[in-house]
Amino acid sequence: MSEEKIKVSELAKEFPAVPNKDMLRALRELGASAKSMAGSLTTEEAARVREHFAEQKQADAERSGSHPNVIVRRRRKDADKADAPEVTEAAPAAREEVAPPAEEKPAAVEAPAQAEPVAEAPAASPHKVEEKAAPEAAKAEPAEKAKSSKARVVSAARVISRPGEEEEKKPEPVVESKPEPVAEISPVAAALAAREAAARAEEKSSEKGEEKGAKAARLARPDASAMPEGSSAPTLPQRAPEARTEAWKDADASAAADAAPRRAPRADGGQAPSAAPQVRIISRPAPGSQPDRSTRPAGGRPGAPGGPRGDSAGRPPRPGGPRPSGPGGPRPAGGPRPGGFGQQPAAPASPTDTRDGQSKKKRLKGRRTVDFQQGDFGGRRDDDDSQRLNRGKGRRKGGKPTSSQATQPLKAAKRKIRVTEAIRVADMAHQMGLKANEIIKVLFGLGVMATINQALDFDTATLVASEFGYEVEKAGFSEDDYLTPKEVDAPETLKPRPPVVTIMGHVDHGKTSLLDAIRKSNVTSGEAGGITQHIGAYHVKTKRGEIVFLDTPGHEAFTAMRARGAQVTDLVILVVAADDGVMEQTREAINHARAAGVPIMVAVNKMDKPSADPDRVLRELAELGLQAEEWGGDTIVAKVAAKTRMGLDDLLEMVALQSEIMELKANPDKAAKGHIVEAKLDKGRGPVATVLIQEGTLRQGDSFVCGPFSGRVRALMNDQGKKVKEAGPSLPVEVQGFEGVPEAGEEFFVVSDEKLARRIADSRAIKQRERELASESRVTLETFLSQRKSDQETLTLNLVLKSDVQGSLEAITEALLKQSTDKVRINVVHGGTGAITESDILLASASQAIIIGFNVRPTAKIKDVAEHENVDIRFYEIIYKLVDDIKSAMAGLLAPVQREVYLGQAEVRDTFSVPKIGLIAGSYVADGKIARNAGVRLLRDGVVVYTGKISSLKRFKDDAREVVKGNECGVGLENFNDVKIGDIIEAFETVEEAATL
């Protein structure tokens, strides 16, 4: 052929009505080289494709003319006489086979050899073809005319499968007796055609084998073509049975009697059984389905054109003969016929998938289609059998009925749906067994624009459910179901645990110093002003066992901290200074311990001082109800001196003895539960909380819930700053992984998974928000006027508080709010933990507030923003100084006081050790200046690490009085060597000036 090529996509434009899928299938059948729409074809291949679709188009036109109301899924052989010329053209190639196939299908003009019984005489096949192709003509004309027309059709022999195979193989008596009921076909015409076909079938009984060969060929070629030249198997799919009409059913009834005799002869012949199944196959609509039907042996198919059939002349009863005239006109192509009902196993080679795909699309359109798999063929089975087959067919083919059946039982089974506070449309549809778009339609009717992810409240869900006959149950979420233990721990699961001892007492009475002496550490020196302002938890190993100590602040502002310490402890050690006696916070600590029901031990500290008076202390304690043992009471009293370590062993001995009496036990093999001792926001690690485990074991990776926050344990660190994998009962650990900074004192629960933790946390957040909204007083005219009147008379001092830890923030807030008077009111606009940020500056500027920083410092950039916004920032490290300043400012009594003046900042870029001097910080002055006589602070991540003085300041090797911005210098700090690269050294000086507050 010529070298010219044409693209498949260009060729497809010549056939706009042909889908790409059909075009590619035709290319495969014709053996074209192109495999996709982007491929190219030779001119010869293109001509073959055009001829193929031209024949198909003509066949479709003829079929649609005779049955306009029927939709055919595959091309079929024309039953009209007009087809005869086409058939004759194709006949030469297929004629050798044609004769046998034609005989096989006297009534069902099925070309495939499998469906056709043995038919040696070619003339017989033409008659058979005519019978199918021209059923209308048969009705109007005598049987003779019908026969002659059949002869013409036979020559067309499109249906004929492989000609070679049919001749070689002896045709079995099996004749495709496809009694395709056509409404138009009259029983008489069908009977005449069937008789003639039967006679011919007898003559061709020897060609039974050909039928089988044709069947195989048909399986191999799923598509039914208009007998392309050189095609050995009929490619036309048979669809005759699908379009049944009432007339066809009548014909079936009349054919039943004749069919029985025909079947009997077949049984004698032995070939009949195979022929019978083939006849049934005729109904097969799709090429893929054809193989399936052929496979299934339909013993009752006796209607085949086989010799034995001829005697029965029952062909007429089966309307299959005239089939062509009916909607099954195209059906005459016997190709599909070989396939039995869907019941038969489909041949692997059959292209059922393609057929099914087409039929599904057409069915979805709700249009009338020809069902080739329908079970009752005229004269083939009795009415009951056909009805049963039809029912099965409907189930297989009807996608819509099946889906409705699947939904209905679900509706009937559940008439209630469960809804919490809200439910998504998708979840509601799932519970009701409906599609989401049905619910969305109802919502649109109610004026609600919703999507499948839209959440509906309980009332809306009730309205929607009522539209579908459902009731709504409110399924409230109760966290107690998950957090409250359902079973009491068995005695054998309980194991001894260390006691938790809280040290309480008045400020500066030596609580932390006593703990330092026990731990052999030096915590006090690192505390601002030498007082404790955080609650600390420490795990100590002593000669008498392990003890966990909680060190609480003694300042009056830390009432809430002391109360928390008493709640989570087993034993309270009340520290009283021998020289001071019982003070205000001592009494408060006693009340906290009694409220928590915790036993109290007394440690009389500072016994090494000359002014110590232990008897006075015992007398004052007795007045409060704490009678010492030596005075005849039951309160254990130990006399100690923290600095000289006097009496510490006796104190620990008493603690161990008391814990043994209490028999402290816990179950370590359960989900952990504990309390938040302290919480803060760390710049590098995020929200961090110190948790005291009370029962169970906390492990890395556990999901937990704490207040309105949930999280997952990312890391655990003990009181010494070392990472640990797990923590058991009575052990304090620092936990990373919170979503936010929890409130100190909150309960900490480990739950099964992160999803549950988040659900509980969200539920708590919603309830907390509802409580806040409910607590807001309703605004009335009276309350508004009274508020305005009071506002005019009262001055308000707005403050923004930033602290290093949550507990300190809480204490400062309470202490400041207590200072409010009728004339001056304190209003804390915002409080948080961590370094001062730009958003804090902007908030203070908008609310005309003063920023109070407690143990936190701003960076140089933040200072610039504050100056630009004219916001005053005050920094404090000791709470009572902060409270005193606020008091003085409120009272307007602030005479000239000392005030810090910021000098500059230097960034530590390197560190090196110098003998006899210590660690020197090689620094770069980033802002202002560093003066030799100035005070300095060492900032690490915005938090104050050290406050003191400069011991040495050098530039290169020379001492310097000051170093200005942009220069490098070496800075040595007094009594401090823990300087790290990246730290900030801030210089300041103290001056006296009038208070601006």
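Just so it is clear, glycine is given a Cβ too, placed from its N, Cα and C backbone atoms.
Per Swiss-Prot, the feature GTP binding site maps to 505-512, 551-555, 605-608. Summarising the annotation, Swiss-Prot assigns compositional bias 'Basic and acidic residues' to 45-65, 94-107, 127-147, 163-181, 197-214, 241-252 (among others). The feature compositional bias 'Low complexity' is assigned by Swiss-Prot to 108-126, 151-162, 182-196. Annotation source Swiss-Prot lists compositional bias 'Gly residues' at 300-309. Feature annotation from Swiss-Prot assigns compositional bias 'Pro residues' to 316-335. The feature compositional bias 'Basic residues' is assigned by Swiss-Prot to 390-399. Annotated domain 'tr-type G' per Swiss-Prot: 496-665, in sequence order. Residues or ranges marked as region 'Disordered' by Swiss-Prot: 36-415. The region 'G1' annotation in Swiss-Prot covers 505-512. Annotated region 'G2' per Swiss-Prot: 530-534, in sequence order, evidence recorded as similarity to another entry. Residues annotated as region 'G3' in Swiss-Prot, with similarity to another entry given as evidence: 551-554. The region 'G4' feature in Swiss-Prot is assigned to 605-608.
Remote same-chain residues near the region 'G4' (605-608) are listed as 509-510, 513-514, 575-579, 614, 639-644, 646-647 (criterion: CB distance under 8 Å, separation of at least six residues from the stretch ends).
Every protein chain shown contributes to the tally, and the Cβ of MET607 (GTP binding site) ends up with 19 other Cβ atoms within 10 Å. Mapped onto three states, the DSSP output places LYS511 (GTP binding site) in helix.
Note on the domain 'tr-type G' (496-665): its mean pLDDT in the predicted model is 77. Here the compositional bias 'Basic and acidic residues' (45-65) is broken down by DSSP into helix, strand and coil counts: 21 helix, 0 strand, 0 coil.
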